[in-house]
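I have placed the structure first, in the form of structure tokens, so that the comments after it can refer back to it.
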Amino acid sequence: MVRAKRKLDHIEYALSTGQSRTHGFHDIDFVHQSLPNSNYDTITCETKIGELSLSSPIFINAMTGGGGEKTLHINEQLAYVAKHHNLAMAVGSQMAALKDESEAASYKVIRKVNPNGIFFANLGSEATIEQAERAVDMIEANALQIHLNVIQELTMPEGDRDFTGVLQRIEKIVLNSKVPIIVKEVGFGMSKETMQQLVNVGVTAIDIGGQGGTNFAAVENERRQRMLSYFNNWGIQTATSIIEATSTNNNLSFIASGGIQTALDVAKAIALGANTTAFAGYFLRILMQDGIEKLLDEIELLHTDLKFIMTALGAKTIEELQSVPLVVKGETYHWLMQRGIDTAHYSRR
């Protein structure tokens with residue numbers, strides 16, 4: 001009951017605290033192309049995360065589940081949206097259903113709605129091999145997200161305080177999983193050092209989950225009597241984290257998430273090196289406040305606008321979009337220079 005109540009609290013406070021939009025994409029400018037040699041009607045948006053082929057570089061990221069009928073209904077609607085637009089979708093942490101079988105329906109509903117969809121299971125880094133297998137089987141998942149949420153746990157009144165052995169547990173799951181593993185942050189970004197550690201234990205796909213979207217420190221602080229306000233601005237911005245990711249020069253698939261709301265955000269994230277982008281809080285807000293039809297329309301417009309931007313840049317495919325010239329400036333540039341990451345290659349390609 002406590003876990004289910006927390007799930008509902010997260011939805012309420014995620015909506016009320018909003019998104020900060022401090023993602024850093026305002027520091028990224030495309031180099032205009034007056035002769036793009038492109039045709040809107042022939043632009044294609046297919047992409048891949050590792051070996052998983054996706055029809056769109058937009059997917060519905062982990063949001064909820066395990067909070068009774070309300071979370072079941074949300075996942076049911078999101079699965080319908082995913083089916084309508086042929087998008088991949090992740091569920092929220094399934095630990096609730098592993099602890100209480102009665103909550104499993106709030107996750108399993110997605111397969112009922114969209115039997116042939118691409119779905120990602122989701123667990124925290126405390127998960128065991130056996131729990132990972134059960135989570136995947138629960139929704140017949142195509143991949144498993146393992147989320148890293150140290151700051152959220154520390155801010156959460158009833159959260160974990162021991163984070164020893166996390167990398168070793170992830171390595172065991174990677175070695176024993178029958179589906180690909182995606183390690184993701186939850187709004188605080190990932191450093192190049194963290195990503196290198198994950199690569200070293202066999203991880204091949206990462207969702208950088210940058211600062212700029214739903215702020216889970218702020219969400220958990222709403223649930224505390226004594227706020228840990230020093231965590232409210234903690235983290236690495238989304239744009240910065242993508243560039244940190246690409247600087248590792250590893251054969252990783254990168255998912256960009258954290259405050260992404262527009263087609264321009266999507267295009268910039270991909271041009272910086274992401275293979276795909278993920279939306280959570282923005283989609284949830286539209287669904288809860290304006291309804292499912294509005295969300296369906298918004299996703300249609302996102303795809304239309306992304307193709308307009310790709311046409312302007314002369315990028316006929318997502319792969320070509322990853323190599324268009326752009327300039328990194330402002331605070332993002334200064335952060336990266338201090339970190340020893342040269343951005344000049346982006347502007348000269």
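In case you wondered, yes, glycine gets a Cβ from its N, Cα and C as well.
Over in Swiss-Prot, the protein carries these features:
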BINDING   ARG6, LYS7, GLN152  substrate binding site
BINDING   ALA62, MET63, THR64, SER93, ASN122, LYS184, THR214, GLY258, GLY259, ALA280, GLY281  FMN binding site
BINDING   GLU153  Mg(2+) binding site
- Query: Which of the three DSSP states, helix, strand or coil, fits ALA62 (FMN binding site)?
  - Reply: coil
- Note on the structure: Judged by other C-beta atoms within 10 Å of its C-beta, the most isolated of the binding-site residues GLY259, GLY281 is GLY281
- Query: Residues with Cβ closer than 8 Å to the Cβ of ALA62 (FMN binding site), same chain and 6+ apart in sequence?
  - Reply: ALA90, VAL91, GLY92, SER93, PHE120, ASN122, GLN145, HIS147, LYS184, ALA280
- Taking only the CA atoms, the spacing between THR64 (FMN binding site) and GLU153 (Mg(2+) binding site), expressed in whole angstrom, is 17
- Query: What span in Å does the FMN site cover, taken as the longest CA to CA distance among ALA62, MET63, THR64, SER93, ASN122, LYS184, THR214, GLY258, GLY259, ALA280, GLY281?
  - Reply: 20
- Message: Within a 10 Å radius of its Cβ, which of these binding-site residues (GLN152, THR214) has the fewest neighbouring Cβ atoms?
- Response: GLN152
- About how far apart, in whole Å, are the alpha carbons (Cα) of GLY281 (FMN binding site) and GLN152 (substrate binding site)? 16
- Message: Give me the long-range Cβ neighbours of GLU153 (Mg(2+) binding site): same chain, 6+ apart, Cβ under 8 Å, in sequence order.
- Response: GLY159, ASP160, ARG161, PHE163
- One should report the C-alpha separation between GLN152 (substrate binding site) and GLY259 (FMN binding site), rounded to whole angstrom, as 17
- If you draw a 10 Å sphere on the Cβ of THR64 (FMN binding site), how many other Cβ atoms land inside? 25
